[in-house]
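Notes for the one structure printed next.
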Amino acid sequence: MSGGNLIINSLDRDQDTGIYQCTAFNTWGIILSCRATLQFAYLDNFKTQTARSAVNVREGQGVVLLCGPPMHSGELTFAWIFNEYPYFVQQDSRRFISQETGSLYIAKVEPSDVGNYTCVVNNSITKGKVLSSPTPLVLRNDGAMGEYEPKIEVNFPDTVPAAKGSTVKLECFALGNPVPEISWRRTSGVPFPSKVKMKNSNAVLEIPHFQQEDTGMYECVAENSRGKNAARGRIAFQAKPHWLQTMIDGALSIEENLFWECKANGKPKPSYSWLRNGDNLMAEGRVQIENGALSIAALNLSDAGMYQCVAENKHGIIYSSAELMVLASPPSFSKNPLKPLLKARSGSEVVLECKPQASPRAISLWKKTQNLCYLSPRITLLANGTLKIVNATRRDAGSYTCIAKNQFGTASATGRLLITEPTRITQRPANMEIIVGESIVLPCQIASDPALDVSFSWEFNGQLIDFHGDADHFDRVGGSISGDLMIRNIQLNHGGKYVCVIDTDVESLSASAILVSGPPGPPDTVAVEEITDSTAQLSWSPGRDNGSPITGYIIQARTPFTVGWQAVDTVPEVINGNTLTATVVGLNAWVEYEFRVVARNSVGMGEPSPASAKTRTEDTMPDTAPTDVGGGGGTKSELVITWEPVPEELQNGEGFGYIIAFRPLGAITWTRVVISTPGVARYIFRNDTIPPFSPFDVKVGAYNNRGEGPFSSIATVFSAEEVPLARIKLLVSDISTSCCFLSIGKVRTSGNYSAVNVTGLSANTQYYLAVCAFNTAGTGPQSTHINATTKKPAPGQPPLNVEWTMIGSLLTLHWGPVIAMETEAEVIGYLVLLRRHRYNDVNSIITNKTRMELTLSPNDNYLIQIKALSEGGEGVGSEPIHIHKLSTFAISSLSPLLSLCSLMKL
């Protein structure tokens, strides 16, 4: 022994192997340490060194060479020598050395495998090494073995216990021809975490730092072209015990009851035992033990000592220790005497405590002056010895003595009770609005019992006013019954809540007033505590309320995509003045936000807080589909698709792009195309098999690095049109001096016309005309050319020598014939135009003579004009003839000169 250490020299495996514990003791008791196990690592030689029997196999057959390690202690590792040292067997998909059994497994024997095999066993602790006798592997001469399905020779138990934090290794290897491939999976479908490693061509599955979430059913699958086979096993989580609850030192009086409970967690569930002063504690009589709970009834002095709770499973053992003191003493008031003088307000509740130290607990009696206290509905004795007086009066004043007794002795203590009159506030401070620069006095005056000591203090917005530190503005005025507060040279920051606090020996009173100055100051320290793809949890600290309590807050946000600050939705929807946290909802994913907070009170809205640090919401898959999906047009064999791009603030993350889906109208299968450029708004699909002007179902979706978002609604888009191929039949009719009318044969195209007027042509001129159809794809072939000659123009000479005779209502007209020139169209008749005065309707009368009779109303005025008619149209009109209703008998002849004179008369 060296202090508390145990030193063992010249260790002997047989004599010193075992479990050790240290015992610590003093006058208060004994406790045991945790257990320490001493083991010795060793590795014996193989029992026999004679040659092992040969193993005969066919080519293509699988084989297992057993190692059979000797007696040992400590972890072993295995290797195999092929023929002679230092040629070791190299593991691959065909050869595997199990570190559980040491055996060598060859899935499919090849001629190169023939030879002698020696098992090498290493002790990882002692570093010792032993070799087995060689095992010859001989190839049979009866031909190669055919192919066969895998046969699993190395697998793991149905249940594999694994301690928390340990490294778990599962082995799986199969014989087969062809050589099987090994794969692993969890039957739950949960993928392996990155820490899981596959080694030795997947023959070993290694799980480091094993945790609860690694438990479950694991499956090894061996497969080749002839079939497959599988092995399953469950890894069960195990852990050494750890404490959830331990006991603490206790000091209990004699005859009291003890209850201690300890709780531990572990896999398997730990068992419990109890020790007292190093010895096992058994349940009997007053002592009861149930799992981790210990109870001892009616303690006596022999129960004192050191106790230990022990929790144990196969992975470990833990100890929790505590001291139990059992007390036995007479009553004593040395540490808890009665107050010499207790003051109480009339009408209040008075509590006189009697708390002597005593083990076991003492029984208490009370005396007032020299007489026992008589109990009543107003005066009661509590179980702990306290005397309670309700609605105290002056008659209850006097000296009180508490007498305490137990089996070890008696003690007493005396104190005096003084009943005083209640204190009243006679003048309170009042609410007011402040004016900067003025001085005010807030009154606070009382009436109190002379026996009481009184003190005044003032609080401003919940903080005690320091009259020494802020003497420039705050001062006390008044006497012993007055605590008036003077505020000099008042400023805006003096707005707020002022409380006068009156403390006496028996009670505390207060009166408050609010000085109003304006809206709240800006909040401070706006911080983003947590952020998701659509929410942000904010916190802030309040600013000054400036004399009026803050009644609420609003939160504003801005992004690179907004114009200025905008109010946002929150939870809670309405943020009251006592709340300093809120969650902003309805945010866009993958957008950088700034937040600020604005406070309000009864005066109005205050200034906003400084902006929070810029914080980006988390990304998520898109939730907005592109809009205005359409398209059409393009060139032959093209389908043109267009859409309105999704704004950047709605793209929800990096790697944003579009998914274009289309199919012929009525088809089932969609063709999908991915476009990785966010700003693109057009896609052209080219394929020689696309029919012209054919309808397609089209929809456009969005995606980013987090996944695909929704698609737009389906739109119908036509493929590109083809250039019209049909030649058009052209007809020309109604040719005049300056226009002609074209009649076109019907062609199956959309929105076309079959006739058109061509104007602006020259008279008496020959034209060549052709027509072709066109659409968005281009122009079709022209029709056969047609030549057309416009007609000669109408005569340029007006009818002359116009004469008229009016008898009653009969008008007779005469005019000279119009002779056309060689370049003018011949005259084929005349047009007489008749219009009544103040009327817009015109009567047209055609004649092939130079004379006409008209019957007119005698009550109207008329205007008459004559024109020559030809194939070239109407000629120049004559001078207008005005016929008045008074001309019941008149004769007139119009030469050019006479016509002008007549017109001037009229």
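The backbone N, Cα and C atoms fix where each Cβ goes, and this holds for glycine too.
Quick look at what TrEMBL lists:
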type	residues	note
DOMAIN	44-132	domain 'Ig-like'
DOMAIN	150-236	domain 'Ig-like'
DOMAIN	241-325	domain 'Ig-like'
DOMAIN	331-420	domain 'Ig-like'
DOMAIN	422-510	domain 'Ig-like'
DOMAIN	519-623	domain 'Fibronectin type-III'
REGION	605-634	region 'Disordered'
DOMAIN	625-722	domain 'Fibronectin type-III'
DOMAIN	798-888	domain 'Fibronectin type-III'
Hey, would you say the domain 'Ig-like' (150-236) packs against the domain 'Ig-like' (422-510), going by three or more CB pairs under 8 A that are 6+ residues apart? no
Spell out yes or no: are there three or more C-beta pairs under 8 angstroms between the domain 'Fibronectin type-III' (519-623) and the domain 'Fibronectin type-III' (798-888), with each pair 6 or more apart in sequence? no
Using DSSP, tally how many residues of the domain 'Ig-like' (331-420) sit in helix, strand and coil. 3 helix, 48 strand, 39 coil
Would you mind giving the whole-number mean pLDDT across the domain 'Ig-like' (422-510)? 88
